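*Asks:* I grabbed these lines from TrEMBL:
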type     : residues : note
DOMAIN   : 1-74     : domain 'GAIN-B'
DOMAIN   : 82-317   : domain 'G-protein coupled receptors family 2 profile 2'
TRANSMEM : 84-106   : transmembrane segment
TRANSMEM : 118-136  : transmembrane segment
TRANSMEM : 148-174  : transmembrane segment
TRANSMEM : 186-208  : transmembrane segment
TRANSMEM : 239-263  : transmembrane segment
TRANSMEM : 283-307  : transmembrane segment
Amino acid sequence: PGSRGCSHLSPPPSPSHQDASNATCVFWVPGAGAGRAGSWSREGCETEHREGTVVCHCSHLTYFAVLMIQAQNLSQPVLESLTYISTVGCSISAAATFCTLLLCCFFRRRPKDTTTRIHMNLLAALFLLNGSFLLSKPLATSTELCQAAAALLHGSLLCSLAWMGAEAFHLYLLLVKVYNIYIQHYLLKLCLCAWGLPTLVVIAVVIFRGETYGHHAISTTDGYQNTNMCWLTSKPAHFVTLCYAGLILLFNTLMLAAVVVMLRRIKSQKGQARRDWATVLGLTCLLGTTWGLAFFSFGVLLIPQLYLFTILNSLQG
């Protein structure tokens, strides 16, 4: 007690390569966190910056390291506010989607047209997505339950994105093709693609790489860590999911562009064109265009993008 220690895992980076002002002195705590081997902590350590050099002053002897915190990391107040917004928004969306599904399935005749049924499937996927997100934190106390919650959250996200793609494809058929769009067992094929394929992917991951799902830690610039999140623990799996979302959003954008081109050709029927524009704008949220904000998480756009992304997408339901 009372000793002072300082060490670096690597030589101090030059200012031209990396900004040392974002460095934080931490030490390793074995076994910290539920179901984890350990985590970094800055308790009892102070960080001093000296012209590109980082000096650690700690009140205990243990294994030390200097973590270079990248610019995209957040402060504790921002992370807590984003978590609060997500919780409130997902709760509202879960309640709204549940009530809508309840009204359509039990208090009214079941929808017979394909468009409404596709909407209902998307609402069901969003309900699972919001519900699994809300369950992620309470279930994080157990390793097995956390893995199950992470798998459910991942599968729900994949299904929701797939149904957004189905909405875009169906919108294209309705507004662009119009005629000769009969597809045998159309809705069944959409369900197999949007429900079946993501489910098979998640089951395969659970069987062959179960460790892909588990506790996910989010660090902040001031040393705060939120480990009460069940999500992907593998960077390759996270990257593949991001690519999958990017392809869906690209497809949806192309479908919207095709619809816009078609609407611009309607000049004589102005009233009908206005109604079509209203339809496109009303379906924009169903196509998940706001999820594209995830690809703008850099520079000065980071904080505004995170708040917009959180508010718009948590309230999508």
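Any Cβ shown, glycine's included, is placed from N, Cα and C.
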*Asks:* What mean pLDDT score does the domain 'G-protein coupled receptors family 2 profile 2' (82-317) have in the model?
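*Replies:* Its mean pLDDT is 85.
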*Asks:* Using Cβ atoms and a strict cutoff of less than 8 Å, what residues sit near the transmembrane segment (84-106) while being 6 or more residues removed from its termini?
*Replies:* 116, 120, 123-124, 126-127, 130-131, 133-134, 307, 310-311, 313-317
